[in-house]
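Input: a single structure, listed below in structure tokens.
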């Protein structure tokens, strides 16, 4: 088509495409009918097939691979792989063939991958042990009772000495008790008591207080007033000191202790305070609460308070109780003390601070609370590093993240087998497994206590006895009785449950006779608790501070007894943690290999039954290779995660909480515990999870959105709304003060 412009003589030519015009006409707008019909007709005109509702896109498979598929993939691992096409240069124009666009598939929430336990692990750099334990060296029991000394030589009365020998089975003092009791009785200075864990610090400050009260020669009752206030960082430690005080008070029944801790009814505590108490033991928050709001407690303190003891001072500061302690001391110092009623007692309040360490914040607390104090240390100078007991055998195993769970199973199995061989039918073996968070405790407790339903509850749901037929630990057959009790303990449990669980774990009775007791717990059980006959402490998650490491392993090898401790570390940066804790282990440690020294002894010579197979198809006499047994055991736990939604929720919560807890290590230790260096997928394997970490995050977000949506009120239908509006109009019309 041409156009001639007569004004300027220009000739314009326009070229049009006939096919485009026809296509435009053919793709006219469709009118009439429903929008769905119009949409369907338009897609048919464009040559697209309408998608049927409910039809899924052909993406990845949502189902988990079966065990047979895993075995097939592992057996064909040596087969030749498909050749990989070399990458083309972005400047290569040799081919003009149009390449298909790259489609990025969306992340699937339920996609799962079964990975092998023993492949694709990070190399372990530590080959030789730089701090090897000398097994031939002579062991000196650093916190054992002294043979050549007695309590009566320190000025303790015969009544108290006899009670210690007969009722409490304590005949000899420890080194720290020998150093503390004489200056405590003189009451000339405040005291800073520094000693190893398990050396007897509790009796070191309780015995002089009892001796001072018994030496008064006056008629003492519970109404005579409170002589001592003991403040501890945790409820469990406060409860333990209360039990020791009550046991000591049996030789002088007129002395009454009182326990003030969170989680208990304040009304009951106030009633006990009104009746009178000679010893008050409690946690900082609850003690301050009563000092501020309970009038009778100040009346109890005025005539008799002479001793204020702060136990585990480093933990008090670590938990942020500095301001609370200052308020407690300000209130106490503001009370006018009557020295005429008990003239033989000290003329002022004697402050005592106990701690296993003498550096950092605890020194600051000592400067705040103590005046003209005397440092008493069990043979160690203040500048020296606190060391572990000499009779403690420390072991360290470097475990790839995928193998953490099965290695823990192997360790617990080995300890149980040792209990069967070396212990008698009445001996009790106790093992404590420390984990980083309460959700991880719940998961591991569920793994080892209720895998196949063969268990019986003892203390609510926090203690379970494994019964005959249990295949998870430590026997893998249907004929042997496991003789294992599993416990869990963490701060999220109620105080009554925590107390009952700890009491059951620490008591030797018919229920625990001849059994292996396993306690899964957080650091709530790492401070000051004197649990009898703890043979092994397992630190599956490294502590958040080196002081916590000392207190954790201090639950064993107490009062001259032998003990073992096992620390789990990951390959890579965490291996440097060994050099960091080396000064605290002058006797060295044993470096174990996870495969040959942990897994092989536990799983060799067995035939672990697969849970997806019938018992009739299982030949228990046909032994399998140890690595096959370990893999089967772990896959059994993974199948349970798939089949049990509640157990899967515990696994996901445990994994996510473990990641968050891992990021809270002290800044000085970040070079060993760096979150960026973790392989999150392999770590998820240790929680028996097959999902990718991103999928778990999306699942949690989707679950939270669903929970929020379920809380929304249902939409009101038109009929209900009309009736509601009519009733509202009637009420307004009947109101005589309606001016609308």
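Yeah, the Cβs are placed from backbone N, Cα and C, and that goes for glycine too.
As recorded in Swiss-Prot, the features of this protein are as follows:
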BINDING   195, 196, 197, 198, 199, 200, 201, 202  ATP binding site
COMPBIAS  43-60  compositional bias 'Basic and acidic residues'
COMPBIAS  697-711  compositional bias 'Low complexity'
DOMAIN    182-376  domain 'Helicase ATP-binding'
DOMAIN    414-607  domain 'Helicase C-terminal'
REGION    1-104  region 'Disordered'
REGION    695-721  region 'Disordered'
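All features noted in Swiss-Prot, drawn onto the structure.
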{"residue": "195", "record": "ATP binding site", "CB count, 10 Å": "26"}
{"residue": "196", "record": "ATP binding site", "CB count, 10 Å": "27"}
{"residue": "197", "record": "ATP binding site", "CB count, 10 Å": "26"}
{"residue": "198", "record": "ATP binding site", "CB count, 10 Å": "26"}
{"residue": "199", "record": "ATP binding site", "CB count, 10 Å": "26"}
{"residue": "200", "record": "ATP binding site", "CB count, 10 Å": "24"}
{"residue": "201", "record": "ATP binding site", "CB count, 10 Å": "26"}
{"residue": "202", "record": "ATP binding site", "CB count, 10 Å": "21"}
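Per-residue pLDDT, averaged over the domain 'Helicase C-terminal' (414-607), rounds to 89. DSSP assigns residue 200 (ATP binding site) to coil in the three-state reduction, placing it in neither a helix nor a strand.
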